[in-house]
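Student: One structure, pasted below without further comment.
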Amino acid sequence: MSTNTKRSTFFTELAGKLDGLREQGLYKPERVISSRQGSLVQCDDGRQLINLCANNYLGLSGDEETVQASIQATEQYGYGLSSVRFICGTQTVHKQLERAIADFLGMEDTILYAAAFDANGGVFEPLFDENDAIISDALNHASIIDGIRLCKAARFRYTHNDMADLEKQLQAAADKRHRIIVTDGAFSMDGTIAQLDKICDLADKYDALVMIDECHASGFLGKTGRGTHEHHNVMGRIDIITGTLGKALGGAMGGFTAARKEVIDTLRQKSRPYLFSNTLAPSIAGASLAVLERLSKSTELRDRLHENTAFFRKEIAELGFTIKPGTHPVVPVMLFDAPVAQKFAARMYELGVLVTGFFYPVVPMGQARVRVQLSAAHTKEQLQTALAAFAQAGRELGLIK
Ligand SMILES: *Cc1c(COP(=O)(O)O)cnc(C)c1O
């Protein structure tokens, strides 16, 4: 192999950059799990750990009822469709799921995608052009940012969760034909819940549309788990909702956009990740449908999640850790320094608790943390064991007294 060609330096440069990440403690390793997802997981080194870092808010990912629903859908509809929706990839179960999501969210219609990343990637370009303005929270999810980049509309960014700045941006966008405010319903790194009541009032005042990404809300925020719009009592005032089937709503994969019929019909005709990507597997559609039926009948899982969240937030603060205040099951335990967050997560692993350190560029510089995510599946005993591990690792690293 020659050593001096451009082609070989391409690979050496990549290896050098990866070494740089490792040296700075910024390299993200992947834990390998050999069991189902759940409040307890088995890692491939044989260890059993309490899992505090899944988006498995309602505990449905490894849940037997969900698994059986997916097997039953596979039996009935087969493994896959080998087609996009508009050629020969639409089955009864896809139509039923779209109806069920729309009803659950209180929207008129829904379109499915392979992921919420695709829903956000494919929502702006078909609906808005250079005459329009998209006004986006500065901390919106990467997929929203990418989706906006794919669209010709003028871009306005408001300081995270800052309603005064949002109003300024609405004024700056006043001469545009249509304005749409876009925000994560709940922000996954901080657990912040967007102020949708105020956002909807501003939208009314400046004649703007509102879109929310409900990936960290659908299924458990609001008194019957419909999401941030229910939490803030603005159901019926949101124009577009995107979300995922890959977190609380079963945890496999898949995404959706819910809106008025004319919006959804337009997306079916024009949205590129829908038109040029395979239909959702029947097993996922069938299991998601079963999940929505279950959540529509009972708030038991949602209620247990919120009890677990309140308990953990109270106890971790009493230990002396700094957390971001709030009520969301995302609980950021702030450690500020990236290598400390890495070390802390590694020590927690030894103590039998799975948490992940987050640091720049996933969160702002100097804001490193371990992010705890509660689940309805956690037992009180598991949470107490995890809190004892937090106390021990915190003392060992001199973070608490
Ligand atoms: C996870 C997430 C997504 C992506 O969801 P996938 O279905 O996994 O692609 C999009 N937006 C937000 C806010 C998320 O948290």
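Cβ coordinates come from backbone N, Cα and C, glycine included.
Okay, these came from TrEMBL:
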- 48-389: domain 'Aminotransferase class I/classII large' (DOMAIN)
- His141, Arg371: substrate binding site (BINDING)
- Ser188, Thr244, Leu245, Gly246, Lys247, Ser277, Asn278: pyridoxal 5'-phosphate binding site (BINDING)
- Lys247: N6-(pyridoxal phosphate)lysine (MOD_RES)
Student: Using a 10 angstroms cut-off on Cβ to Cβ distances, just flag whichever of Ser188, Thr244, Ser277, Asn278 is the loneliest among these binding-site residues.
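Tutor: Candidates: the binding-site residues Ser188, Thr244, Ser277, Asn278. Fewest Cβ atoms within 10 Å: Asn278.
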Student: Report the nearest neighbour of Arg371 (substrate binding site) in space among the binding-site residues Leu245, Gly246, Lys247, Ser277, Asn278, comparing Cα positions.
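Tutor: Considering only the listed binding-site residues, the nearest one is Lys247.
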Student: Going through the binding-site residues Leu245, Ser277, Asn278, Arg371 in sequence order, which have a CB under 6 Å from an atom of ligand 1?
Tutor: none
Student: Can you tell me the CA-to-CA distance separating Asn278 (pyridoxal 5'-phosphate binding site) and His141 (substrate binding site), as a whole number of Å?
Tutor: 24
Student: Round to the nearest Å and give the CA-to-CA distance linking Gly246 (pyridoxal 5'-phosphate binding site) with His141 (substrate binding site).
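Tutor: Pair distance, Cα basis, whole Å: 15 Å.
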Student: Rank the binding-site residues His141, Lys247, Arg371 by the number of other Cβ atoms within 10 Å of each Cβ and report the first-ranked residue.
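Tutor: Per the Cβ count, the most surrounded site is Lys247.
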Student: From the binding-site residues Ser188, Thr244, Leu245, Lys247, Ser277, pick the residue whose C-alpha lies nearest to the C-alpha of His141 (substrate binding site).
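Tutor: So, of the listed binding-site residues, the one sitting closest to His141 (substrate binding site) is Ser188.
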